[in-house]
Amino acid sequence: MEYLIGQRWVSHADAQLGLGVVVDIEPRRITLSFPAVGEERTYAIENAPLTRLRFKEGDHISTVEGVELVVTAVNEHHGLLMYTGTDHHEEQLSVSELELDAFVQLTTPQQRLLNGHFDKNADFALRVATLQYTDRMQGSPARGLMGSRTSLLHHQLYIANEVGQRHAPRVLLADEVGLGKTIEAGMIIHQQLLTGRASRALVLVPPSLLHQWLVEMLRRFNLHFSLFDNERLAEMPEGNPFEAEQLVLCSLDLFAQNEALQEQALAASWDLVIVDEAHHLHWSEEGAGEDYRFVERLAAHSAGLLLLTATPEQIGQASHFARLRLLDPARFHDLATFREEEQHYRELSTMVDALERGEIPDELPGDLDRDLEPEQLIEQLLDRHGTGRVLFRNTRAAVQGFPARHLHRYALPSPEQYALAKLDLESALHPELPYLDDSWLDFDPRVAWLEQTLKSLRPHKVLVICAHATTAVALEHHLQMRAGIRSAAFYEGLSIIERDRAAAYFADESGGAQTLVCSEIGSEGRNFQFAHHLILFDLPLNPDLLEQRIGRLDRIGQQEDVEIHVPYLEGSAQETLLDWYDRGLDLFRDSCSAGYMIFQTFRERLLPELESRSDAFEDLLVDTAEFTLHTRQELREGRDRLLERNSCKREVAQSLIDEIESLENNNELEPYLEHLCEAFGVDQEFHSEHTLVLRPSEHMLTGHFPGVTEEGTTVTFDREKGLAREDMAFISWEHPMILEAMEMVLSTELGNAAIGTIKLKGVPAGTMLLEALYTVNCVAPRALQVERFLPLSPVRLLVDARGKQLAELVPHARLNELIEKVQKSTALAIIKQVHKEVDAKMRLANIQAETKLQETLAAAETRMREDLGAELARLEALREFNPSIREEELEHLRYRIDECALHIQHASLQLQALRLIITT
Ligand SMILES: Nc1ncnc2c1ncn2[C@@H]1O[C@H](COP(=O)(O)OP(=O)(O)OP(=O)(O)O)[C@@H](O)[C@H]1O
């Protein structure tokens, strides 16, 4: 099919777009503008989901100027269609397809029925079901959240729902290590994309996590990100590469010292920018790092921003503050004020407790509205004086259900070779470092210990982490070549593909490596919870880094207790550090979000002890332990409690889970997909309970069915099975297979006109009934989310010969059971006879449906004004005291209310399906 600028096409993948106009053609791509929704879409020419719009004689068309014509002739002129027709003054006019109105109803069921284009009754039922399910999903509170291949965890769903619903969300996801921040980010991105709040997202991650992100987004959320690296960039055609894709994933390092690339990323507009392991963004009162400055500029350009870190204070509180500042510069403008606020979190928490008991504490800040309900008052207090709306942090203690951690210490004699050298702190902690060759392997007792320990732990998988790449490489080489232990190394010197290959070899259950030896880059972000033995060949001089290391195993999905093995040389700096972490910070047993702060507090006393341990060390341990206990308690009762309150409201999450589970367990999706497959000619084979194998058949209605490959696709409706079996697609109401197939039904004529006979007791034979299904047609930009208030709202009417309404008396499902097929020739003869009668009944039905429409629209507008109005009122009130509410958010909301009202008022009725029924 040849495309020309100006031609009108419709998308059969997304009927809501309205009419599209070809605006740009490149050798392999084509861009259409969809004026009704104010969007442009670019497609690959080869598989663009587009149908050429060509009206026929007798069709009604309207132009942008509001002129309405009945088409009498269609001519083609240089590839563009010219329609000639008569308007309602019986004047003849010619219009080019360029002038057509973008809000258009394409092929009416009435036209098809009266012209003898009948569909099967089963297809009619499929169309009705599709409309009803679409309506249900549009109005579901779990919209955007039901499609992910994840366990339904309260803390994640709460955050995803809370953040995903915001316009242009800007938040710091700071759950403790391994609690699922990547998953939360994926849910937020998915929800924002599905609901049209966002369409372009850029994810920036450390290089070692690129592939893991790519895979997680795809397998858990069906989100296809494009991975940009230097190789891919070199292959891309001229122009800004960031504008060529909607979802881009790349490493932040890609931009280091590459200003041109930074400028290109900045020039492309983003709805969402996501930065993982955001604690690396360096900022201090003395100055900001290049990475921070780049993200700062991106943050200013992007509407939404998600920063992810498990250890927000890993390089200090000032740096944590700087990241909050990226999210919301108005709220976080002064470090001193921020520090001062943090001092009062505990008092704040006590006030919240009092409010929960129904008391109004005396010390409640004066700016709060004391007349509010306690729950709202608490929210106001937290918003204005607490941890704010931008920070989410769930802790293991609050989430619960995590396994225990056990520390195993192994004292080893210090070899004399190490004792001879005069060591600085770095070498004292890593005595093998000064050796330029691998000779240390021969005398360092940790090496022989490692070998023996690995052998004794067989067949368990063991993750080994050490600080430096050279150590990791030497150790792995030794294990592999000299000890015969199947192992792989993971360090910065490997390419991204080599790293992922090493990690995959380690993950492989049959015949894979027993151990993976990682340098520090393996201590962040990666998922190694299939192992439960961790060997720390050395210890890092930062408690947050230690927490990150342990977090590789101690994360969601870990089934066993986590066994942490630490070998150390007696009398060495490592032993002192181990004692301090173990007996001072108690970090092996339990994570501690104030680890870095405690480290800073005792740093001056700790460092000399590492160089040479003195009698004062015992005092240091006692003091650290006391301070840690106090700090943990302070946090538990202060900041962490406030954050927990903000980060997970169990009852809200539970109602989302209930909704998702009820949609999954009501046994409707499975028969519906089977029905779709029958209609589109896809073969289905039973695989196991709630699981099918789908294959294209020779009788496919269209060239393809979404997601079904030539070899066959196995789909399961069972969440548990979907989680366990990577080879199966987990099908939910939000899986692209279902969404696209639904669009295929609704954007085509399939099932919109049918005819049949039934026997109805008490109704004389030869009586004509007309079953009509209408929906509300509200063409509006997706980002407005109008369907939240005004979903399709199907209205079914069943009119008899006298215009009586029988819809309630004879439900649609009952009709489907009773209906019988009519021979095509008989059907055509019937139609001829009842032509006029059908027209008359339709006029009656239209009037009845129109009355319902007006009621639906009025109710939708009221609902919208109540809902968004309350949100606006709340934000306006809060904003007086809390600058964390951006003026832009308020303006957007006001604009949204006006625009929604306008679109709701202009919504019209759309006849979706019509069935003529004759009683026998
Ligand atoms: N709801 C869930 N269902 C199934 N698996 C999950 C779920 N949430 C998280 N996981 C798995 O748990 C592991 C940890 O999740 P994730 O990587 O998102 O955590 P994180 O908080 O980003 O970790 P880190 O702090 O190490 O960066 C991953 O393997 C992830 O796939």
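Glycine is no exception: its Cβ is also placed from the backbone N, Cα and C atoms.
Keep in mind that TrEMBL annotations are predicted by a computer and have not been checked by a curator.
Taken from TrEMBL, the feature domain 'Helicase ATP-binding' covers 162-330.
According to TrEMBL, the ATP binding site annotation covers Asp175, Glu176, Val177, Gly178, Leu179, Gly180, Lys181, Thr182. In the three-state DSSP scheme, Gly178 (ATP binding site) falls into the coil class. Here Gly178 (ATP binding site) comes close to Ala310, Gln529, Gly551, Arg552, Asp554, Arg555, Ile556, Gln558: these same-chain residues lie at least six apart in sequence, with C-beta atoms under 8 angstroms from its C-beta.
What TrEMBL records for 276-279 is motif 'DEAH box'. Remote same-chain partners of the motif 'DEAH box' (276-279), defined as residues 6 or more beyond its termini with a Cβ less than 8 Å from a stretch Cβ, comprise 172, 181-182, 185, 203-206, 209, 213, 307-309, 311-315, 319-320, 323, 524-525, 544.
If you look up TrEMBL, you'll see 449-621 marked as domain 'Helicase C-terminal'.
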Inset, instruction - Enumerate in sequence order the binding-site residues Glu176, Val177, Gly178 whose Cβ-atom distance to ligand 1 is under 6 angstroms. - result: Val177, Gly178
Legend entry - Residues close to ATP site centre defined by Asp175, Glu176, Val177, Gly178, Leu179, Gly180, Lys181, Thr182, Cβ within 8 Å: Ala310, Asn394, Gly551, Arg555, Ile556
Legend entry - pLDDT averaged over the residues of the domain 'Helicase ATP-binding' (162-330): 90
Inset, instruction - Only counting partners 6 or more residues apart, tell me which same-chain residues put their Cβ under 8 Å from the Cβ of Asp175 (ATP binding site). - result: His155, Lys181, Glu184, Ala310, Phe392, Arg393, Asn394, Thr395, Ser647
Legend entry - Nonlocal neighbours by CB distance (under 8 Å) for Leu179 (ATP binding site), same chain, sequence gap 6 or more: His155, Ala310, Asn394, Arg396, Val399, Arg555, Ile556
Legend entry - Cβ contacts of Glu176 (ATP binding site) (under 8 Å, same chain, 6 or more positions away): Ala310, Arg393, Asn394, Thr395, Arg396, Gly551, Ser591, Ser593
Inset, instruction - Report, as a single number, how many Cβ atoms besides its own are within 10 Å of the Cβ of Lys181 (ATP binding site). - result: 27
Inset, instruction - Measure from the Cβ of Val177 (ATP binding site) and count the other Cβ atoms within 10 Å, all protein chains considered. - result: 22
